[in-house]
Amino acid sequence: MAGRYKSPLTHADVTPKAAWLNRRQIIAGAMAAGGASIASPALASLGARKTSYGSGLEPNTFEEITSYNNFYEFGVGKDDPAQNAGAMQTSPWSVVIDGMVDRPGTYSMDQILEGQTLEERIYRFRCVEAWSMVIPWVGFELADLLDRVGVQSGARYVAFETAVIPEVMPGVRRRVLDFPYVEGLRLDEAMHPLTIMATGIYDEPIPNQNGAPMRLVVPWKYGFKSIKSIVRITLTDSEPPTSWNKANAREYGFYSNVNPTVDHPRWSQATERRIGGGLFAARQETLMFNGYENEVAGLYEGMDLSVNY
Amino acid sequence: MLCLLFLRDRCLSACAGHWALRRMKPSQRINLALSRVPAWPLYIVGGLVPFWYLYLGLTGGLGVEPIEALEHRLGELALQGLIAGLAVTPLRNMTGVNLVKFRRAIGLVTFYFVTCHLLVWLVLDVQILSQIWADILKRPYITIGMIGFVLLIPLAVTSNNWSIRKLGPLKWRRLHQLGYAAAILGAVHWVMLAKGFQIEPLVYLGIVVLLLAMRVPKAVKRAVA
């Protein structure tokens, strides 16, 4: 159900659309003058429900959110996804929903979105690499989708899978990871009102490099848990494998909750750098559960978070 | 008459010069051409490159996360410099092309790149003094990078004629073999910080290993003799 999650931020805290559109035009103009060109996306508004989410956060610009991405299917460089992902066809798109559900099947995006109320949610986004952004997502609660397909009583986990399209994904051809990219959540994490399926950013359809046409967003976990361009959702009774855990179990656990007190073996997680501060950006302290401690700490009561990292 | 003789002389010497040039091997011709190229422009160009990146970083040319981009570009440049320095000897042995006169400049400019890379990490990236020290001790890839940097300090300090005289060529050469270890450590430093299976850092490590392996036969011969 939309509107369950409340927060003090108002829509007035978002960079006005006119302001960032304007900036984009200036940049596009400058790039065109410089001989380069960028695709100008169709400015179709999704008409997401204006809500008050976030907590005094200033969202990153559309450029920042869409030009600095980790999407290894399209290359390991931060600008590779923005350069390469445009070749991915996201319409038509369908998602297989199977496993322990009452109504398994192949659902088109239209069927998935039918009757869903799209909401704007301004969330912190913390990458495991110790950088962060604030993103005004547009989406709906995953719980609403799961309720519709009917989760069976024995199901305890949700597994997700990203599309694999080698023709347009150079990273897949280079086997940077064991593709398809897979992720998973415990069912209670998946049903949490903060967990959304995002289909837009800044009230526009989500760009391919950010995980079009639909991606997961779990704001209290490191970004790699928020799997992109989903083609399969499977309800299971056992913990599903997850890509980074398969690649390096010592460094990436199943839970991967944002936690400043549990370091990544190769770097500290105590601080982060918010993208957009330029060359002299100061680091800031990372918040427990990425600032969503009040909402989600209860999910992990009694668990040793340094073991279940 | 005298005039004619003089002309004939000029002609003969010019023909002889041309003939000698034609008898030269391509590598000798390259060496001859290089003998007229001074090494000092390398210092100027190399010295300016980090400032060019800094300028790009300040004006948006390095993307929305200029600190990381600056750090990585300088690190990659440093590794390329180490490889260029290591390539001089095998290149001469294999092709006869002699770049030894540029090697000091290559080495010093490379040390300067490594220093800039380190400074960006210290001042712009980590920022927090206690965390810098903790990282150096706790994170193997940083420890390794740091050791590589420290190994290069004596090399930079002794990259001058006075030091060669003072140490003697044998001792000096042995000291500068620390560059081999530094290059390996630099490449491993990058391999260790890559996420997933990434080709590029492995290619750099492969090149360094190859350039060092090419020295082995000669070293073995020397040891036997």
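From the backbone N, Cα and C atoms, a Cβ is placed for every residue, glycine too.
Classification of A:R215 (Mo-molybdopterin binding site) by DSSP places it within a strand. All protein chains considered, the CB of A:R215 (Mo-molybdopterin binding site) has 22 other CB atoms within 10 Å. The Mo-molybdopterin binding site feature in TrEMBL is assigned to A:N69, A:Y72, A:E73, A:C127, A:T162, A:N210, A:R215, A:S226, A:I227, A:K228.
Under the heading domain 'Oxidoreductase molybdopterin-binding', TrEMBL lists A:89-244.
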Whole-number mean of pLDDT values that fall within the domain 'Oxidoreductase molybdopterin-binding' (A:89-244):
97
Cβ neighbour count (10 Å, all chains) around A:E73 (Mo-molybdopterin binding site) is 28
Pairwise over A:N69, A:Y72, A:E73, A:C127, A:T162, A:N210, A:R215, A:S226, A:I227, A:K228, annotated as binding Mo-molybdopterin, what's the top Cα to Cα distance to the nearest Å?
18
Quick one: what's DSSP say for A:T162 (Mo-molybdopterin binding site), helix, strand or coil?
strand
